[in-house]
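As structure tokens, the structure follows; a few thoughts come after it.
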Amino acid sequence: MADSAQSFIFIGLATLNIVISLDGGGVPAALTNIQLRFGLQAWQLGLLGSLVYVGQATGCLLGGPLLKRFSPTRVCRVMVCLNTAMTAMFASSQNSAWLLSTRFFIGLLQAPTSVYFPVWVDEYAPPERRTRWMALIQGGTPLGIMLGYAISGVMTLDKELGDGCHAGYIEHAGSCLSTEGWRVPFYVQSAVLVCFTIAGFFLPQKSFDLPDTVDAGLRQAQRQSRFSQQPPPSLREDASHAAEAYDETPPMIKPPQVARKPTNLDIALEKISSRITSVPHGTHNEQHSVLGRERLDSGMLVVEAAREVFSLSRRASAPVIAATGSIAATSPVE
């Protein structure tokens, strides 16, 4: 199924490449008729033949970045649509300025398709058909130019003078040349391009875009999401500079410890510790040491510490009581 779809797309691209190149042969074949119709000078005739190639060269320079930035399917749709309009405008030209400008834009709009079609063949053609498909795509341009010569030559056929030139013909070098018949090939070409423009809107994007551009929109959204979650570049630079400055900062020197004045609790704990640890030698002393350990285990040490703290606090507050005449309440612990 995929192979048949690719073959169908290739047939459409090869045919479009032929049709879009018809004007390359149609203009030189009708050059004399166009000159007589518009009264062009030699330098204008030179521009009429060369502006299309100037447009193609310019379009190739712009087509690469354009196809890389946007979907090739959308780019080719727009280019074919605009090329159709320019071809119709060229056929309906009423003055030399219109004639020359539309010729330039026709070449400009042909460039992206001529650039991308071989790239598509190289990517999607089956390996056993790739060389054949590439040759047919590349040969479509000269084939279209040749058909343009033939069709335009028939439409602008010389007519014998006979009893004189009829309306729509002008006498030139002993023949009657059509001054309006040269427009017909370009009208036909633009009508066929309209059909391809309509068909292009039914072309599936996943079958025409390159694999690395099918999900370009999704990847772009992911990049924007990641960028939005990051801080602005200025903040990131400030943070990096701060981190470097922090790494280069020498280690801080701790300030010297200032000796503080012992509190009543420190004095009481020191007394209790000296009572337990400083035990004299002897059997009685060993019994006393065992008693001290039992007191530690039973929680008596906490009661004794509280008693010492209370006694020290009472002695410290005795001058305050004498000065104020207040009677200190007796502590429940005592």
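Using the three backbone atoms N, Cα and C, a Cβ is placed for every residue, glycine included.
Features as listed in TrEMBL:
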- 7-31: transmembrane segment (TRANSMEM)
- 9-334: domain 'Major facilitator superfamily (MFS) profile' (DOMAIN)
- 43-63: transmembrane segment (TRANSMEM)
- 104-121: transmembrane segment (TRANSMEM)
- 133-151: transmembrane segment (TRANSMEM)
- 184-203: transmembrane segment (TRANSMEM)
- 221-258: region 'Disordered' (REGION)
Going along the chain, which residues at least six beyond the ends of the transmembrane segment (43-63) come within the CB cut-off of under 8 Å?
-> 23-24, 27-28, 31, 34-35, 75, 96, 99-100, 103-112, 114-116
PLDDT averaged over the residues of the domain 'Major facilitator superfamily (MFS) profile' (9-334) = 75
